[in-house]
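Asks: Please find one structure pasted underneath; my questions will follow.
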Amino acid sequence: MQDYQRDFIEFAIKQGVLKFGEFTLKSGRKSPYFFNAGLFNTGGALAKLGQFYAAAIVDSGIEFDVMLGPAYKGIPLAAATTVAMATGFQRDVPYVFNRKEAKDHGEGGTLVGAPLEGRVMIIDDVITAGTAIREVMSIIEQAQAKPAGVAIALNRMEKGQGELSAIQEVERDYNMPVVSIVSLEDLIEFLEEKGDMAEELNSIRQYREEFGIKS
Ligand code: OMP
């Protein structure tokens with residue numbers, strides 16, 4: 001784990017974004033931890049979050065033409081990340097987001113912002129079973145654009161439909177990489193180092209046995 005990843009986990013815990021307890025996920029799985037990106041809910045937190053995403057994207061070396069923030073949670077993520085790309089990396093990246101409901105007046109349509117064309121970098125919060133991200137892919141397909149990659153905050157490293165992880169299945173099916181600021185493996189390492197959260201660590205290890213992939 002890199003220093004910035006450790007910083008990110010500390011930041012997420014401090015912000016109340018990363019919580020430990022018992023949570024029911026969208027997939028129905030019962031998880032001992034939950035990452036609620038909506039709680040990066042101040043200007044300062046969002047600015048910092050954007051810097052983490054921008055660093056992970058630049059680090060990945062993935063080339064793209066436009067950033068897509070899927071409604072709703074992806075919208076502030078894409079805005080914050082493009083601001084960080086401009087201020088921290090001198091890259092003025094166009095961004096676009098979708099509306100959940102099409103607008104039939106004014107400019108109309110479901111897309112707001114830059115044209116959705118060329119190679120698209122998708123910004124999202126978390127991938128568990130991969131359902132949400134597959135829905136986003138249809139927006140790109142409809143626009144006849146090309147997916148360049150996905151950047152998420154947390155890779156939960158959970159099983160997909162077969163032996164591969166949900167993320168590996170997404171990478172295979174859409175032929176694009178998924179990058180994350182941190183993964184479950186980093187979180188486990190962080191808790192091991194911390195040493196005072198043995199119970200939480202134990203529950204997460206058990207959960208990983210049931211729903212996780214090895215690495
Ligand atoms: P999948 O569609 O199963 O990949 O789940 C991803 C979505 O679940 C995310 O976009 C979130 O809306 C939500 N989620 C979290 O926000 N944080 C978590 O730690 C876990 C989930 C989840 O429900 O799996």
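Keep in mind that glycine also has a Cβ here, set from the backbone N, Cα and C atoms.
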Asks: Among ARG6, ARG99, ARG156, find me the residue TrEMBL lists at the same orotate site as PHE34, PHE35, THR128.
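Replies: Only hit among ARG6, ARG99, ARG156 in TrEMBL's orotate site, alongside PHE34, PHE35, THR128: ARG156.
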Asks: Which binding-site residues from the set LYS100, ASP125, THR131 have a C-beta atom lying less than 6 Å away from ligand 1?
Replies: ASP125, THR131
Asks: At the level of the C-alpha atoms, what whole-angstrom distance separates THR131 (5-phospho-alpha-D-ribose 1-diphosphate binding site) and PHE34 (orotate binding site)?
Replies: 17
Asks: Same-chain residues six or more away whose CB lies under 8 A from the CB of ARG156 (orotate binding site)?
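Replies: For ARG156 (orotate binding site), the qualifying residues are PHE35, VAL126, ILE127, THR128, SER183, LEU184, GLY212.
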Asks: Which residues does ASP125 (5-phospho-alpha-D-ribose 1-diphosphate binding site) neighbour through Cβ under 8 Å, counting only same-chain ones at least six apart?
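Replies: Expected: PHE35, ALA37, LYS73, GLY74, LEU77, ILE152, ALA153, LEU154.
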Asks: Only counting partners 6 or more residues apart, tell me which same-chain residues put their Cβ under 8 Å from the Cβ of LYS100 (5-phospho-alpha-D-ribose 1-diphosphate binding site).
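Replies: Within the chain, LYS100 (5-phospho-alpha-D-ribose 1-diphosphate binding site) has Cβ neighbours under 8 Å at ALA71, TYR72.
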Asks: What whole-number value in Å do you get for the largest C-alpha pair distance within PHE34, PHE35, THR128, ARG156, the residues recorded as binding orotate?
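Replies: Farthest-apart Cα atoms in PHE34, PHE35, THR128, ARG156 are separated by 11 Å.
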